Structures are given as structure tokens and as C-alpha cells.
Amino acid sequence: MSAPITQDVLTIPRKLPEGGRVNIVGLTREQLHDALIAAGTPERQAKMRVGQIWQWVYHWGVRDFAAMTNLAKDYRALLADRFEISLPEVVTRQVSADGTRKYLLRIAGGHEVEAVYIPEEGRGTLCVSSQVGCTLTCSFCHTGTQKLVRNLTPGEIVGQLMIARDDLDEWPTQGTPKNETRLISNMVLMGMGEPLYNFEGVRDAMKVVMDGEGLSLSRRRITLSTSGVVPEIARTAEEIGCLLAVSFHATTDEVRDRLVPINKRWNIQTLLDALREYPRLSNSERITFEYVMLDGVNDSDEDARRLVRLIRGIPAKINLIPFNEWPGAPYQRSSWERIESFADIVHKAGYASPIRTPRGEDIMAACGQLKSATERGRKSRAQIAAEAAG
Ligand code: SAH
Ligand code: SF4
């Protein structure tokens, strides 16, 4: 028996209790505009103030209203009284032998989430979380074993990028050329959680991240990975417009039901129909199909051939992910020969089929290994095994 698929998650209110300060981080321009007016900013000035504050916070990385020197002193005092610029707290920062950095962050309510920075030749990718834990229970994923779930607020999602920028010392200083290569050049929503079960939170966070006068990451440098929440896929194209990756992982419904249980709700055919529309709706090139290589489960040559038949007609890249083990996991990684043989078939069918090099394994930072150590509520091994067995 598999656990039912639920979306029973909690979102904490954006505004702090009576008398508390409103956090600016994560508000969209419209929300900031309204909040400034509510705090007494004259309506005709509000748009200009939004622009000024926005630049200080998201372009220069300033955290102190007193440093916003193009605002009048008493206005700065008013802002400091009513607002704050606050980020999740960094609990630990681990640096892997390969340069990967993993941040354990504490958010409101004492929950913890992780973000991972992966440096590569000529670019760097920040992998961010969208939820604490995940309501879904993919049987090969460590995050899926974590019981407790809540949606991250837009501020907590944007905050992950700002914290990584702090750590890498990547805020511009006066005179930095605008287009120099950035350490954090790309962002992937591939950390903890199912981003499309926190659609509004993720969308508003991406609006802030993509804004050209602030953090300024282009939508083509952001990839959202979903396990297949079909009704939100078209909305992602229309309201976010970033690149899409899908956790495909199997070529028959029977196997996918076991690996990615959301498949019981929206099966392979339904998912593929939604994916076919994505490139046109989002005006982007191709979809990334993620495929975790599990020994003896989904890694045969026949699977590879079935995969290319299934996705025919969809502009795609197939990202093969060697399974990353975690304590108690009910699977093993496929052998390198198996992965290469699979990749070869996909490649000969005309698709790019990179094998994702596991990064940061020594600090448990690789795909699917994230899980807060302090969230003790954990599904039992028996439950994971039962889910894996279908
Ligand atoms: N919830 C979203 C995004 C987070 S997971 C999703 O499922 O798409 C990012 C990727 O890592 C997904 O493709 C996921 O299936 C994969 N993954 C999860 N656990 C893994 C593991 N132990 N080894 C390798 N990949 C894993
Ligand atoms: Fe959730 Fe993604 Fe892990 Fe599945 S693979 S349990 S959807 S985080």
C-alpha cells in the first residue's frame, strides 16, 4: 500500500503579528508598493520608493535602511520602524572536497531546509528548496521520507539566493561591470520539496529573482523540476516562463507508480500531453527529462528504447542521474556500463544524454539526499520498502 498523495501543507502568513515588522524580502513590487502606502508613504511617491528600495536590497545587497542614502533620513527611520530585511538563519555551511557548498538554514517555526551551491567550469548553479520536506513519497528520494512539510514563503526562497551571494561575496560594488560572469549564474528548483505544490510561493519568488533591476537572473537560467503536477505545468509556462525539468524515471506506468507515486494521479500519457505544450507556451527550447538510474529497476536497454519512443516529438534532453544512496534506501545505483549503454541508446536516437556527475557526495549534498537532520519524524524503513514494492 502506498501512502495517499496529499497536498495538506501549511503556509505561514506573510505578515508578522500585530506590531511586528513586515519583511521586505520576497514581496513582489506590487506588494511592496501597497505595504509602503500602508506604512504612510504618499501614494504619488510609492512607485519611486519601491524602485529605490528594490535596488538597495536586491542589487546592492544592503540590509540596513540607514545605508539607503538616496532616501531622506526620517523616511529611513520610518522604514526601519515598520519593515525589516531578513533572511533565514544559516545553521551550518559545509564545503565539499569538490567545492560544492551546502547550507542548512533555519526558518520561522524552527524548521530547517537546505540549499546547495555547485560550482562548474564557467558557471555556478544554486539548487534551492521550495518546501520543508515533501508531501510526495518517491521511493528513491531521501526528502520524501521526511514527515513534516510546510511551504516556504517567497522570502525564504529568495533568501536562499541572497545567503549564497553573501557567502560567495557576490554583491556588486560601485563600478563592477554589469555583465561579468557570475559565480551564481544559474538556479535550479531541485532541492527539497515539490515546487508546483507551492505554486504561488515559487512564482512570486521567481518574479523577484528575475527582476532586471535586482537579482536579475534570466528565466532561461532558472530550471524548475517537477515530479509531474500536470495541472500546474501550463501555468508554470504562462506565469513563470522558466525552463522545465521533469522527474520521469520510468517508462511504464507500473514502474512509475512505484517510483513516483504521483503517477497514479497523472500517468505517463497525461504527463506527456502536458509536456508537449510547454515549449510553445513558455517560448523555450527543450525540456529536461530526469531519469534516476536504479539497478535492475528501470535501467534496461528496453527501457531506453521505450523512453525515446515515448518522448518522440518533444524537444528534450535526457539527464541520467546515477542513484545517490542514503541510509536505508531500498535501491542501488546502476553499474557504469549499464548507465553508459542506456545513454548510448538515447544518444543515438538524437537526444543529448548527459550523465549527471554526483556532486558533494561527501557532505550528502547530491540530488535526493537532502533531508534536515533535525526533523526527526521519519517514515520507517518498512514503510519505505512497502511503498517501493507497490
Ligand atoms: N520535487 C522535485 C524537485 C526535487 S528533486 C522533483 O521531484 O522533480 C530533484 C531531482 O533529484 C528529481 O529528479 C528527483 O527525482 C531526483 N532524486 C531524488 N532522489 C534521488 C536520489 N536519491 N538519487 C538521485 N536522484 C534523486
Ligand atoms: Fe518530493 Fe521530488 Fe523527492 Fe519526489 S523526488 S519525494 S517529488 S522532492
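Just so it is clear, glycine is given a Cβ too, placed from its N, Cα and C backbone atoms.
Any TrEMBL annotation is an automated prediction that lacks curation.
As the structure is a computational prediction, the values presented were derived from the model and not from experiment.
These features come from TrEMBL:
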- E114: active site, proton acceptor (ACT_SITE)
- 120-362: domain 'Radical SAM core' (DOMAIN)
- C134, C138, C141: [4Fe-4S] cluster binding site (BINDING)
- G193, E194, S225, S247, F248, H249, N324: S-adenosyl-L-methionine binding site (BINDING)
- C367: active site, S-methylcysteine intermediate (ACT_SITE)
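On the structure: features taken from TrEMBL.
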| residue | record | DSSP class |
| --- | --- | --- |
| E114 | active site, proton acceptor | strand |
| C134 | [4Fe-4S] cluster binding site | coil |
| C141 | [4Fe-4S] cluster binding site | coil |
| G193 | S-adenosyl-L-methionine binding site | coil |
| S225 | S-adenosyl-L-methionine binding site | strand |
| S247 | S-adenosyl-L-methionine binding site | strand |
| N324 | S-adenosyl-L-methionine binding site | coil |
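Annotated pair N324 (S-adenosyl-L-methionine binding site) and E114 (active site, proton acceptor), C-alpha to C-alpha distance, rounded: 17 Å. Only C138, C141 of the binding-site residues listed as C138, C141, S225, F248, H249 bring a Cβ under 6 Å of any atom of ligand 2; the order follows the sequence. With respect to E194 (S-adenosyl-L-methionine binding site), the closest of these recorded positions in Cα terms is C134, chosen from E114, C134, C138, C141.
Across the annotated binding residues for S-adenosyl-L-methionine (G193, E194, S225, S247, F248, H249, N324), the two most widely spaced Cα atoms sit 19 Å apart. Between the CA atoms of S225 (S-adenosyl-L-methionine binding site) and C138 ([4Fe-4S] cluster binding site) there is a gap of 14 Å, rounded to the nearest whole number. Under 6 Å, Cβ to nearest atom of ligand 1: this is the test, and of the recorded positions E114, C141, E194, N324 it is passed by C141, E194, N324.
Long-range Cβ proximity for F248 (S-adenosyl-L-methionine binding site), meaning a same-chain Cβ under 8 A and a gap of 6 or more residues, is found for R256, F289, E290, Y291, L307. Just so you know, of the recorded positions E114, E194, the Cβ with the fewest other Cβ atoms around it within 10 Å is the one at E114.
The C-beta environment of C138 ([4Fe-4S] cluster binding site), restricted to residues of the same chain at least 6 apart in sequence and closer than 8 Å, consists of G144, S227, S247, H249, L259, V260, P261.
Across the binding-site residues listed here (C134, G193, S225, S247, N324), the residue whose Cβ sits among the most other Cβ atoms within 10 Å is G193.
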